[in-house]
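Step one of this worksheet: look at the structure below.
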Amino acid sequence: MAAKDVKFGDDARQKMLVGVNVLADAVKTTLGPKGRNVVLDKAFGAPTVTKDGVSVAKEIELKDKFENMGAQMVKEVASKASDDAGDGTTTATVLAQAIVNEGLKSVAAGMNPMDLKRGIDKAVAAAVEFVKSSAQPCEDSKSIAQVGTISANSDSHIGDIIAEAMEKVGKEGVITVEEGSGLENELDVVEGMQFDRGYLSPYFITNQDNMSVEHESPFILLVDKKISNIRELLPVLEAVAKAGKPLVIVAEDVEGEALATLVVNNMRGIVKVAACKAPGFGDRRKAMLQDIAILTGGTVISEEVGLDLESATLEHLGQAKRFTMSKENSVIVDGAGSADDIKARVNQIRKQIEETSSEYDAEKLQERVAKLAGGVAVIKVGAATEVEMKEKKARVEDALHATRAAVEEGVVPGGGVSLMRAVAAIADLQGENEDQTAGVAIARRAMEAPLRQIVTNAGEEASVVAEKVRGGEGNFGYNAGSGVYGDMLEMGILDPAKVTRTALQAAGSIAGLMITTEAMVADKPEDKAGPAVPDMGGMGGMGGMM
């Protein structure tokens with residue numbers, strides 16, 4: 001085991017503080033509408049330019065092990081804010097830096113670190129309650145666009161496209177962000193349920209122009225096994241032919257003579273038919289077939305529930321207004337399932353999302369909810385260069401997280417104003433002793449830091465602006481983008497309450513741990529001496545060779 005280096009007390013805390021400040025100083029330059037860019041070097045390819053706090057934080061590693069520990073703990077603050085709310089990483093970092101700096105001064109002055117931490121926790125909890133209670137619901141397109149705009153560093157195009165996407169697919173819909181091919185941002189919306197399986201044979205194609213299968217108001221047969229024997233399918237085919245409607249088969253697979261017979265029937269016009277594989281694999285495939293059954297008002301033909309294909313009737317088939325298939329995807333529009341059944345299924349899947357511990361499973365379940373409840377929107381990000389594309393895509397993702405958070409818990413005035421109002425709201429808060437009250441004061445002072453940093457980045461005098469905002473009330477604040485004072489909500493400067501709350505909680509938690517640190521242990525740096533040069537001994541007798 002390698003030897004360890006141990007530092008105690010003030011020595012340890014000062015080293016840690018250096019790391020905290022290096023990381024926070026790099027991150028906080030990006031805060032606000034006039035935040036600056038940070039350029040990150042990459043081992044391969046062009047450097048990345050970003051105004052995203054967590055991207056900057058993730059890049060920073062310090063050579064000194066003890067300083068690096070401080071930096072990594074603040075990085076944890078940014079990551080926590082990013083994971084929980086998807087935004088607010090820079091605000092969280094600024095808050096943590098302010099609490100740690102003030103807190104360590106108080107520890108050096110002889111105050112009890114544990115009492116300071118209790119005071120900080122008390123103030124943070126009270127401020128969080130204030131933020132929650134002052135939040136206003138965010139439901140209309142305009143406020144969603146404003147939240148997206150602020151989070152995307154005042155890019156109104158991004159805010160507008162996110163608001164449009166949310167309007168089209170609803171709050172439950174899935175919105176994904178992809179790299180586009182043009183210069184402009186584009187929005188693609190798929191209504192209905194889309195899944196990534198295409199037609200099994202090109203002979204099913206009905207629209208030669210775009211090489212797709214399109215059937216209006218078809219019957220939909222759902223089977224959770226392979227179909228290779230045509231005899232099993234005959235009763236259903238005959239019933240559908242009599243009804244004079246098209247048939248779409250969604251099964252684990254259709255192969256051999258069954259597929260050949262379907263193709264021949266289709267080409268001769270005896271019955272319009274098309275087939276595709278069921279989406280997903282294993283248990284997820286069964287669940288998705290069940291989703292399609294509920295959406296279309298049909299029944300999955302499965303031997304597990306005692307149903308076989310030969311006994312299937314028209315009652316077992318689902319229906320939809322339209323079913324389209326391309327080579328890779330299929331879309332069911334306007335399934336005939338009852339709204340109550342679909343709602344019950346959505347609630348059941350939501351319960352599974354709450355219970356699952358796997359992020360991957362939660363994401364897949366959320367996709368299923370979207371397919372049943374809303375739709376899927378894809379935002380294609382356009383840019384002139386690869387570097388700009390990456391930077392813009394990161395901002396769109398940030399803005400998307402922020403708007404989701406706003407819809408979830410409401411909005412508060414932005415620009416650091418809600419935290420300034422929280423300071424006033426907890427002005428009378430006292431601890432159980434002097435040191436705890438000092439902890440409360442530290443947290444209150446720190447809550448002014450985001451506003452001061454936004455103003456500093458805009459090139460104004462922080463103390464003057466902070467004093468003026470403190471003197472106002474309600475939503476009165478300073479718009480650093482235009483240099484105007486006024487009502488932040490009316491000026492469209494909003495922050496999601498969840499983002500502000502998460503930033504404060506993450507900062508208070510990690511900063512409290514740092515203030516109460518008394519010892520630090522790290523590996524001793526190894527002395528990397530060069531390889532020893534072998535001595536030239538044993539060659540001394542060469543003189544006699546002359």
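Heads up, the Cβ atoms here are built off N, Cα and C, so glycines get one too.
Annotated features in Swiss-Prot:
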BINDING   Thr30, Leu31, Gly32, Pro33, Lys51, Asp87, Gly88, Thr89, Thr90, Thr91, Gly415, Asp495  ATP binding site
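Locations of recorded Swiss-Prot features on the structure.
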| residue | record | DSSP (3 states) |
| --- | --- | --- |
| Thr30 | ATP binding site | coil |
| Lys51 | ATP binding site | coil |
| Gly88 | ATP binding site | coil |
| Gly415 | ATP binding site | coil |
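Within the set Thr30, Leu31, Gly32, Pro33, Lys51, Asp87, Gly88, Thr89, Thr90, Thr91, Gly415, Asp495 that the record links to ATP, no two Cα atoms are more than 17 Å apart, and one pair reaches that distance.
For Thr30 (ATP binding site), the Cβ neighbour count at a 10 Å cut-off comes to 22, with all displayed protein chains included. Neighbour list (Lys51 (ATP binding site), Cβ cut-off 8 Å, at least 6 residues apart, same chain): Thr30, Gly35, Arg36, Asn37, Val38, Asn153, Glu391, Arg395.
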